[in-house]
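Worksheet: the structure to be examined is printed underneath.
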Amino acid sequence: MEIARFSIVNLLLVISFLSSGDCNLVFKVQHKFNGRQRSLSAFKAHDMHRRGRFLSAIDLELGGNGHPSESGLYFAKIGLGTPAKDYYVQVDTGSDLLWVNCAGCTNCPRKSDLGIELTLYNPSSSSTSNLVTCDQDFCTSSHDGPIPGCTPDLNCEYTVSYGDGSSTTGYFVEDRVVLDQVTGNFRTASTNGSIVFGCGAQQSGQLGATSAAVDGILGFGQSNSSMISQLASLGKVRRIFAHCLDNIKGGGIFAIGEVVQPKVHTTPLVQQQAHYNVAMKAIEVGGDMLNLPTDVFDTDLSRGTIIDSGTTLAYLPDEIYEPLIAKIFAGQTGLKLHTVEKQFTCFQYNGNIDDGFPDVTFHFEGSLSLRVRPREYLFDIDSDKWCVGWQNSGAQSRDGKGMILLGDLVLQNRLVLYDLENQTIGWTEYNCSSSIKVRDEKSGGVYTVGPHDLSSASSLRTGRTSVVLFILMLTMLHSFTN
């Protein structure tokens, strides 16, 4: 697996809401690849491209399904400009920048095969837009000092490059963003505020492709430049968010704020890491601990474990992958394993998957564990035909081949809580078609946030066919390694 490298020039996301800092906001989110027929190779390729007073909660309404054969990448609909227009932006926990494709851009997609209408943002068509110049404070801050050759009429530019050769470049614009404010249990009202975001002027590679195109990306990374961090620095939100991906009914929950119910056990985040890195201690298969090298769980730059809802599969280094697969199939010696598209281990099986194969349990620092059942790490591609979701990162990647990357395959049907204030992450098994409760920081009251499945009512959702529908969570992961 090639890990995407993420580098940003002129990056500083500055957000200041015009409404009260007490309000709660809702982003409507639906699934990007829901119901689209994908090959196994295409599915894998997308994972390779990525690599004071408070708002109590921001509710991202989810559509789609976290199971690999149903769905996995989610996007939010937000309003930008005056008059406001709708834009579909990918929700990405592995990156920080918010940017959208802009009018006059080069190689920006003009249409999408996702069943959504793409919109190019045009600063001149909005009465509230302002170009951000290179002499403004946030631009010089992003460069750690004055920009050589800067004059007051030059735009503040950004560049994002990826390991597969794709890139986006553009400039920053300040304009109004229109969001939904939570006013009570399951109740919202429109609100708006001022935001500085990237205006994409040129795209290359996959970012310019019609296939699976959206209008841009909304990052939920933990750096100071991410939306949640910038909102927190302004006293608007707490740096806590949670998601619950429902692969049974589709959709799920995405909320920013303190989760009161359900309770979640946590493990510390590894410090000074760009992503949501945790310390894994052991792996158990069917009640037996795997005998693994002592350094396989090291947390340096070339190793470590990343929790990432932006990746669909789970990637394990060779030292873990080989004994894990051997242990999983130890009780099924009569199976005829074969390789599909040169990368997926598949087999025919007409029994109950959960009865025929063992659970896999990951153990982390702080006595937190993550049990993955056979029905979660195995997925059906046809009647009684199954494939293994575990992938060998060591055999398919030069960069990050020692990394453990746990994506949607193991996070589905769990409430996953990212607490950046306390630098912890945790999860609990949960019915993602039910609701959760978050606390309002000003009043101390508790609001109910329910699940959403916007795409279930749209033309995007077509169900399974005899050919597997590989839907994935694409995250632009930045700089795993030097």
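FYI, residue positions are counted from 1 along the chain as it appears here.
Glycine residues also receive a Cβ, built from the backbone N, Cα and C atoms like all the rest.
A 10 Å cutoff on Cβ-Cβ distances gives D92 (active site) a total of 27 other Cβ atoms nearby, all chains included. The active site annotation in TrEMBL covers D92 (among others).
Counting every protein chain shown, 25 other Cβ atoms lie within 10 Å of the Cβ of D308 (active site). Taken from TrEMBL, the feature active site applies to D308 (among others).
The domain 'Peptidase A1' annotation in TrEMBL covers 74-428.
As annotated by TrEMBL, signal peptide applies to 1-23.
D92 (active site) and D308 (active site) are 9 Å apart (CA-CA, integer value).
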